[in-house]
Amino acid sequence: MVVAGEVLQSGSSQELHVLAVDDSYVDRKVIEKLLKISSCQVTAVESGARALQFLGLDGEKGSVGFNGLKVNLIMTDYSMPGMTGYELLKKIKRSAAFREIPVVIMSSENILTRIDSCLEEGAEEFLVKPVKLSDIKRLMEDCVTRGETEEQEGRRVHKRKLEDDNLNSSSSSPLSSSPSTTASFGCDISIPELLSSPPHPSKRAKLHDGD
């Protein structure tokens, strides 16, 4: 089963899948070419609305959706009509299913307040156009590293869960914690022996007298 936002492991035969969002046809083709040179699979869309539709976050039943594809990285232009890259970023980071996907903002304007706003909202990075091939390669390395880290953490969590389950199973099994009733009853009689012993004569006598 494909999990939304899952990061591919290092050395996988599959490609990293990048969702690229830009209203400029030229810029969209440039970023698409750079990503393909870096051996990435690319889905390029022209607006924030189309990106949300692809992710299934537009609330429409007829959304394109993942169609079996993972998304490892989202790269979006900042200045777009209808929905800015900043607004798209906020919607993605507020989604439980996609908030862990790294989002990179691109812009031709190097405006400090804009950069700070995007980083504070959870953007992985802010790139000033034109985006270079070295930028793409670095981002891909970061994606692979992130995937390896998440895989290792997942293994540690799974191992801890197994250890906890084994501990709980051992502590809850009957008679496992007290092989002898010495502490409870003040004598060296095991529970099976106690249960199999006949009633004390005095108890029988009391029962007989009461009949």
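Using N, Cα and C of the backbone, Cβ positions are placed for all residues, glycine too.
According to TrEMBL, the protein carries these features:
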DOMAIN    17-144  domain 'Response regulatory'
MOD_RES   Asp77  4-aspartylphosphate
REGION    146-211  region 'Disordered'
COMPBIAS  146-155  compositional bias 'Basic and acidic residues'
COMPBIAS  167-180  compositional bias 'Low complexity'
COMPBIAS  201-211  compositional bias 'Basic residues'
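Counting residue by residue with DSSP, the domain 'Response regulatory' (17-144) contains 51 helix, 25 strand, 52 coil.
The Cβ of Asp77 (4-aspartylphosphate) has 24 neighbouring Cβ atoms from other residues within 10 Å, across all protein chains displayed. Over the domain 'Response regulatory' (17-144), the average per-residue pLDDT in this prediction is 92.
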